Amino acid sequence: MVQNHQTVLAVDMPQTGGSKYLDDDGKNKRTGSVWTASAHIITAVIGSGVLSLAWATAQLGWLAGPVVMLLFSAVTYFTSSLLAACYRSGDPISGKRNYTYMDAVRSNLGGVKVTLCGIVQYLNIFGVAIGYTIASAISMMAIKRSNCFHKSGGKDPCHMNSNPYMIAFGLVQILFSQIPDFDQLWWLSILAAVMSFTYSSAGLALGIAQVVVNGKVKGSLTGISIGAVTETQKIWRTFQALGDIAFAYSYSIILIEIQDTVKSPPSEEKTMKKATLVSVSVTTMFYMLCGCMGYAAFGDLSPGNLLTGFGFYNPYWLLDIANAAIVIHLIGAYQVYCQPLFAFIEKQASIQFPDSEFIAKDIKIPIPGFKPLRLNVFRLIWRTVFVIITTVISMLLPFFNDVVGLLGALGFWPLTVYFPVEMYIAQKKIPRWSTRWVCLQVFSLGCLVVSIAAAAGSIAGVLLDLKSYKPFRSEY
């Protein structure tokens, strides 16, 4: 079916450049640049993960904390560059495009690995949606509580239930989920990227202010001391910290989809490598600053979520602005992550039921003074059901730190390391047991060990949380 489509295109237009309005694959001209791709990546990367980095640094200490962050950033940049080379099969300029991560795996590896990749990728996206729902509710409650504390002068404990805030976030996502394509999200990505800088800067400023108030830099070279936690807890927490940092860098699962929005020439691979370098450098700088400043301010007592753990010090309005920025950012980030999953399910449905009006037909809703709104019934129902499911699970499992660590651990090795390395080896035809092949395999194996350790630490954390937990009764 795809081959027939390409033959028709070859008759209609030159294969090299497409036309004025269409690209070489017959789709509308792509308009993305280094900057829009960087905005998409920054939106996906500087998510709620940044807020757990002070806690992660506290587990690892002044020595290992920054080193681990730098190592993860180097790994992410390296594997993202390998992945960017797999956007086109064959020739990097005119080869067949792979529109999604799964398409790239199908072209380069094939077989059971495609199914495996799909399961891991889409489960990870599903998990990220849950993580972002929890994080947004925590930030909304932080605004409410800080105002409650301010009014009562700290006399009222201001306890509240997280469920209404998760439901509110879910309702907003149902609305935004009706945006049909990833291409149309550029404005939401840029807004979300600006918001991520806003709250990261606020966290950084509050960390610096707290260090000034303390009159010293807290923390130690080896992290949280035995005594404050048991030896076993120290090990589990160190592993969980690795998962938290891995989650803070996880965006490989949507890299190919972002690359598919980029115009050429220059080749999409070159643009994407530049965008990856820009965004990974910017995020690493922010991560180092936020993680280290949070640890310097709080030492062993660094909170799991930096902005909500600041207590409710003045200036309370700055905390409110920062938490509002987190919520706006997470609304955008949720969409940037979930759109590839939405597109995959809708594509599969149209392949399975090509003659179904329910799946294919758009309803035009007239809006006075504007173009009519095109609404697809299947899209409306399935995306709404997806958001409802993620919201309900978030209400069942509101453990921010442990969920973040587990997601990072489960997604990091297969999606950020294993598949990019294997695809690169297949595409460049690197011979088995050559020095290059052995180095890549050792690199992949090392990352697998880190992932297993991080997953174990996070599972231990979830089991600990479950001991004192009542479903749908999360009080903060």
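Numbering starts at 1 and runs along the chain as displayed.
Quick reminder: no glycine exception, Cβ is built from N, Cα and C everywhere.
Feature annotations, reproduced from Swiss-Prot:
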TOPO_DOM  1-33  topological domain 'Cytoplasmic'
TRANSMEM  34-54  transmembrane segment
TRANSMEM  58-78  transmembrane segment
TOPO_DOM  79-122  topological domain 'Cytoplasmic'
TRANSMEM  123-143  transmembrane segment
TOPO_DOM  144-166  topological domain 'Extracellular'
TRANSMEM  167-187  transmembrane segment
TRANSMEM  188-208  transmembrane segment
TOPO_DOM  209-277  topological domain 'Extracellular'
TRANSMEM  278-298  transmembrane segment
TRANSMEM  301-321  transmembrane segment
TRANSMEM  325-345  transmembrane segment
TOPO_DOM  346-384  topological domain 'Cytoplasmic'
TRANSMEM  385-405  transmembrane segment
TRANSMEM  406-426  transmembrane segment
TOPO_DOM  427-441  topological domain 'Cytoplasmic'
TRANSMEM  442-462  transmembrane segment
TOPO_DOM  463-476  topological domain 'Extracellular'
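DSSP assignment over the topological domain 'Cytoplasmic' (79-122) gives 25 helix, 4 strand, 15 coil. Contact count against the transmembrane segment (58-78) (Cβ pairs under 8 Å) is highest for 278-298, out of 123-143, 188-208, 278-298, 325-345, 442-462. Sequence-distant contacts of the transmembrane segment (442-462), counting only residues of its own chain at least 6 positions beyond either end whose CB sits under 8 Å from a CB of the stretch, comprise 75, 235-243, 246, 397, 399, 401-403, 405-406, 408-410, 412-413, 416-418, 421. For the transmembrane segment (406-426), the list of distant contacts is 49, 75-76, 79-80, 82-83, 85-86, 101, 104-105, 108-109, 113, 116-117, 120-121, 123-124, 127-128, 131, 242-250, 252-253, 437, 440-441, 443-444, 447-448, 450-452, 454-455, 457-459, 462: same-chain residues at least six beyond its ends, Cβ to Cβ under 8 Å. For the transmembrane segment (34-54), the residues of the chain that approach it from at least six positions outside its boundaries are 69, 128, 131-132, 135, 185-186, 189-190, 192-193, 196-197, 200, 203, 207, 244-245, 247-251, 254-255, 258-259, 261-262, 271-272, 274-276, 278-280, 282-283, 286-287, 290-291, 293-295, 297-298, 302-308, 326, 329-330, 332-333, 336-337, 400-401, 404-405, 408, judged by C-beta separation under 8 angstroms. Three or more CB pairs closer than 8 A are found between the transmembrane segment (123-143) and the transmembrane segment (325-345), so contact between the two stretches is assigned (pairs 6 or more residues apart).
Taking Cβ pairs closer than 8 Å, the topological domain 'Cytoplasmic' (427-441) reaches residues 85-86, 89, 108, 421 in its own chain, all 6 or more past its ends. The residues of the topological domain 'Extracellular' (209-277), classed with DSSP into helix (H, G, I), strand (E, B) and coil, number 42 helix, 3 strand, 24 coil.
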